[in-house]
Amino acid sequence: MPIQEIRHPLIRHKLGLLRRAEISTKNFRELAQEVTMLLTYEATKDLQLVDHEIDGWVGKVKTQRIAGKKITIVPILRAGIGMLEGVLNLIPSAKVSVLGLERDEETLEARTYYKKLVPDVANRIAMIIDPMLATGSSLIAAIDVLKASGCKDIRVMVLVAAPEGVKKVQAKHPEVEIYTASIDDGLNEHGYIVPGLGDAGDKIFGSVQKD
């Protein structure tokens with residue numbers, strides 16, 4: 001199914017800690033990375049395996065290793081950077097592509113202001129990471145960029161998602177699988193996810209304004 005809400009007990013517990021109003025930058029970063037690792041486990045369950053033989057301590061040992069398409073991780077600036085280490089902890093050999101998106105104040109649509117994709121991105125599984133799927137505009141723009149670059153297998157990992165954004169993305173890109181720790185209640189009048197996490201970018205980079 002295109003949208004998968006992963007309700008593993010560890011994810012539910014760590015997500016509850018992430019939602020606290022009073023949380024340090026250090027704790028938010030660590031928890032975001034931990035939840036990302038758990039989402040990565042789910043998002044990669046269908047990777048191809050091939051039989052492989054190695055030299056073990058008692059001689060030849062039959063094992064398996066990942067084969068097929070290689071992976072590129074695609075963090076959306078800036079908040080997506082906060083999830084990057086969580087993926088790399090499990091897939092340290094993955095290449096990283098970067099997309100910068102911002103809202104055009106005239107059209108209110110997302111536009112690309114930075115793009116640095118690996119040269120062979122079309123031949124890789126592209127895993128987009130961004131803490132929040134709110135209105136869906138940024139994610140749709142990111143998927144559009146990757147498809148225009150030849151990507152055929154695109155997956156998305158977000159910490160929390162709003163139903164409005166999920167519906168919008170699925171209408172435009174129904175084949176793209178989305179993995180999230182929570183489908184929240186919805187968006188408020190300002191376009192923020194409720195209950196959400198607050199401004200994930202500010203919390204990850206320590207730029208939260210104090211009263």
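Glycine is treated like the rest: Cβ placed from N, Cα and C.
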Given that Swiss-Prot annotates Arg103, Asp130, Pro131, Met132, Leu133, Ala134, Thr135, Gly136, Ser137, Ser138, Asp199 as 5-phospho-alpha-D-ribose 1-diphosphate-binding, name the residue from Arg65, Arg78 that shares the site.
Arg78
Residue among binding-site residues Gly136, Gly198 with least C-beta crowding, 10 angstrom cut-off:
Gly198
According to DSSP, does Met132 (5-phospho-alpha-D-ribose 1-diphosphate binding site) sit in a helix, a strand, or coil?
strand
What Cα-Cα separation, expressed in whole Å, is found between Met132 (5-phospho-alpha-D-ribose 1-diphosphate binding site) and Gly198 (uracil binding site)?
10
Using the alpha carbons only, what distance in Å do you get between Ala200 (uracil binding site) and Arg78 (5-phospho-alpha-D-ribose 1-diphosphate binding site) once rounded?
10
Inside 10 Å of the Cβ of Asp130 (5-phospho-alpha-D-ribose 1-diphosphate binding site), count up the other Cβ atoms and send me the figure.
27
